[in-house]
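Features reported for this protein in TrEMBL:
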type	residues	note
COMPBIAS	1-29	compositional bias 'Acidic residues'
REGION	1-33	region 'Disordered'
DOMAIN	56-334	domain 'Deacetylase sirtuin-type'
BINDING	84-88, 94-96, 166-169, 259-260, 283-285, Cys320	NAD(+) binding site
ACT_SITE	His186	active site, proton acceptor
BINDING	Cys194, Cys197, Cys218, Cys221	Zn(2+) binding site
COMPBIAS	348-359	compositional bias 'Basic and acidic residues'
REGION	348-380	region 'Disordered'
COMPBIAS	360-373	compositional bias 'Low complexity'
Amino acid sequence: MSEASEEEEEEEEEEVTPEPEEDSDDSSGEEAAGNTEMDFLRNLFSSTLGLGSPEKVLDELTLEGVARYIKSGKCKNIICMVGAGISTSAGIPDFRSPGTGLYANLQKYNLPYPEAIFQVDYFKKHPEPFFALARELYPGQFKPTICHYFIKLLKDKGHLRRCYSQNIDTLERVAGLEGEDLINAHGTFYTSHCVSCKKEYNLDWMRDKIFSDDIPRCEGCSSLVKPDIVFFGENLPVRFFTSMKMDFPRCDLLIIMGTSLQVQPFAGLVGRVPKSCPRLLINMEKAGQADPMLGLLGFGGGMDFESDKAYRDVAHISTCDDGCLDLAELLGWKDELQELVQKEHARIDSLDQKEKAGESKGASAAKSSASEAPEAKKEE
């Protein structure tokens with residue numbers, strides 16, 4: 001990514017940044033613009049004058065080098081950036097894969113174009129396609145993947161500072177990440193709000209509506225109720241912007257998994273870590289790379305895996321699950337990770353069986369009550 005494009009991305013970021021709440025410490029637009037200009041000038045002078053050469057932290061640009069760094073004890077503030085690719089092995093499609101991605105399979109909803117299903121203006125006029133899709137993808141039907149539990153293991157071992165997720169499937173929470181551990185950059189199904197009066201509804205309320213084929217409407221004003229996922233044309237959560245300003249300057253290892261790094265401002269986060277901070281990409285293809293020509297001039301925070309100046313970026317090309325297993329093995333955590341996945345999946349299956357048994361018992365009781373009612377009336 002070039003410095004010029006990074007500046008443009010930060011300008012784009014300002015456009016979508018919501019107005020800060022009264023108790024928020026979010027800086028003003030003028031401050032953000034000033035920071036952008038200072039970063040640009042700092043990088044320009046350091047590259048032109050040969051000043052501030054970044055420290056090389058990894059002893060080699062491989063997964064083994066990353067593992068040795070984590071084991072060294074110097075790595076206590078890992079940030080994970082994750083996208084739809086970490087959930088595909090759970091059965092949830094990503095967005096852009098040809099033939100299998102979500103956008104490639106929306107013809108049945110008769111949309112004017114695929115992205116319309118996530119545009120707020122279209123949703124307010126035609127909510128049916130979105131809620132039909134929500135029935136297929138709704139949280140509670142899928143189990144977290146090996147990758148989700150690897151992130152949980154990072155937390156348990158005291159390495160995880162935060163997980164920034166583009167996903168709306170709530171699987172990070174199911175795997176054991178809590179509110180403070182997680183930034184849902186593109187929102188979540190976890191809560192929903194009325195589009196008019198802003199009354200809040202929980203996950204269970206929304207699930208009951210969606211699976212009863214009802215269009216969810218507010219109990220107070222009868223307007224549509226929308227899950228708190230970020231549609232095109234909506235602002236990202238304020239917490240995304242306030243947290244990134246605290247987290248990324250302190251990051252000592254950035255792990256990026258399952259994302260094409262094509263959506264801003266999320267993709268621009270890779271350039272916010274310190275210049276010496278190693279960055280590991282676990283993905284089916286390389287993503288987020290800097291423009292080669294501008295990279296030679298020292299501009300930009302994009303990934304550099306191959307040039308002569310590469311010093312911190314590592315690309316491990318594999319599925320997210322396989323990559324996490326490979327890294328866990330190098331760290332000596334593989335058996336622990338596999339046991340965690342097995343244990344948690346068994347627990348989820350047990351809860352599902354109990355829930356289904358309860359529903360079956362309730363249905364049987366209702367049927368029995370209905371059949372006994374006429375007889376009771378006859379005795380009276």
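Using the three backbone atoms N, Cα and C, a Cβ is placed for every residue, glycine included.
Automatic prediction, not curation, is the source of TrEMBL annotations.
Closest by Cα distance to Thr259 (NAD(+) binding site), from the recorded positions His186, Cys194, Cys197, Cys218, Cys221, is His186. Apart from Cys194, Cys197, Cys218, Cys221, the residues listed for Zn(2+), the same chain places the Cβ atoms of Val195, Ser196, Lys198, Lys199, Glu219, Gly220, Ser222, Ser223, Val225 within 8 Å of the centroid of those Cβ atoms. Note on proximity: of the recorded positions Ala84, Ser87, Asn167, His186, Met284, the one nearest Cys221 (Zn(2+) binding site) is His186, by Cα distance. If you take the C-beta of His186 (active site, proton acceptor) and look for same-chain residues 6 or more apart in sequence within under 8 angstroms, you find Ser165, Gln166, Asn167, Ile168, Ile229, Val230, Leu236, Phe266.
The candidate set comprises the binding-site residues Cys194, Cys221. Of these, Cys194 has the most other Cβ atoms within 10 Å. Restricting the average to the domain 'Deacetylase sirtuin-type' (56-334) gives a pLDDT of 89. Separating the Cα atoms of Cys197 (Zn(2+) binding site) and Ala84 (NAD(+) binding site) is a whole-number distance of 31 Å. In the shown protein chains, 26 other C-beta atoms lie within 10 A of the C-beta of Ser87 (NAD(+) binding site). Here the C-alpha separation of Cys218 (Zn(2+) binding site) and Ser87 (NAD(+) binding site) works out to 31 Å.
Cα of Met284 (NAD(+) binding site) to Cα of Cys194 (Zn(2+) binding site): a span of 38 Å.
Compared over the binding-site residues Ala84, Cys197, Cys218, Met284, the count of CB atoms lying within 10 A of a residue's CB peaks at Ala84.
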